[in-house]
Amino acid sequence: FQAAFTLLLGPFTFFNVQKTKYLQIMTSLMRWIAFILMIILALIRISRGQAEGHPSMAQLSGIRNLFGVCVYSFMCQHSLPSLVTPISKKKHVNKLVLLDYILILAFYSLLSFTAIYCFRNDTLMDMYTLNFTNCEIINVAFIRYFLGLFPVFTISTNFPIIAVTLRNNWKTLFHREGGTYPWVVDRIVFPAITLIPPVLVAFCTHDLESLVGITGAYAGNGIQYLIPAFLAYCSRKDTQLVFGSGTVNKHLSPFRHTFWIVFVLIWGFSCFVFVTANIVLSESKL
């Protein structure tokens, strides 16, 4: 299956993926359907008295994986530019973005709380949709197969787009002023270093929990905290140079003070130390 996935979707890394509007609409629609189905099915099972979950108030051993999950939920911010840019009158843009985040939080909360009360902790699979492939939960074969294959559908549509984006980022990172790359480097090397690492990782492990925990703890820490803080600081300095220090921006964020940038950097560093200590202690116990 991995070989089939690589052979079918891997070649897209070597080309440009354009006009993905309808592909993204289809993916978004499938996400909405899958989320709503999982929430409804879990609520039905809980209402019938078949709930098996008895979650503890807190579990510190799950902090490492929490960061991995936070990074994936943080991906919702990737949609902000496409939401904000088409709006011609941005007078109420802050309220619209707040409403968007409230909607996202509501879906995540419903999905999470129905999951932990519906299923026992030891039966919850790393890929949550697989919990619904059991006939005891839902007898409709189409729904069971749809939820079971849902990760395949979403990854199949997102993988080419993310791979092409990463490939272009490699080119930008190693960009040479006034020069172009040889054909082999441009068309073979950059796509290869984009495609080969995830294939090797997928071949070596199937432990999604540990994989998400480690990637979220380190790469996710930079993506979610450090890089945005530095971008905000540098963009504010650049804005002052271009427009002058006396210019008033009516769309200023409530977190415009430099204190919040420093706070985020300290928080990101603290998370890095805490998660590293947690991983070391967990491995030493094993």
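Glycine too: its Cβ is placed from the backbone N, Cα and C atoms.
According to TrEMBL, the feature domain 'Amino acid transporter transmembrane' maps to 10-256.
According to TrEMBL, the transmembrane segment annotation covers 29-46 (among others). Within the chain carrying the transmembrane segment (29-46), a Cβ under 8 angstroms from the stretch's Cβ atoms is held by residues 107, 110-111, 114-115, 117-118, 128-129, 132, 137-138, 143, 146-147, 150, 153-154, all 6 or more beyond its ends.
Per TrEMBL, transmembrane segment is recorded for 66-84 (among others).
Among the features that TrEMBL reports, transmembrane segment is placed at 96-117 (among others).
Residues annotated as transmembrane segment in TrEMBL: 137-166 (among others).
Positions annotated as transmembrane segment by TrEMBL: 259-281 (among others).
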| remark: Counting only residues at least 6 beyond its ends, the same-chain positions whose CB falls under 8 A of a CB in the transmembrane segment (96-117) are 35, 38-39, 42-43, 46, 51, 53, 55, 73, 76, 80, 83-84, 87, 124, 128, 131
| message | Which residues of the chain, 6 or more past the ends of the transmembrane segment (137-166), have a CB below 8 A from one of its CBs? | response | 5, 9, 12-13, 15-17, 20, 23-24, 26-27, 30-31, 33-34, 37-38, 41, 45, 127, 129-131, 191, 194-195
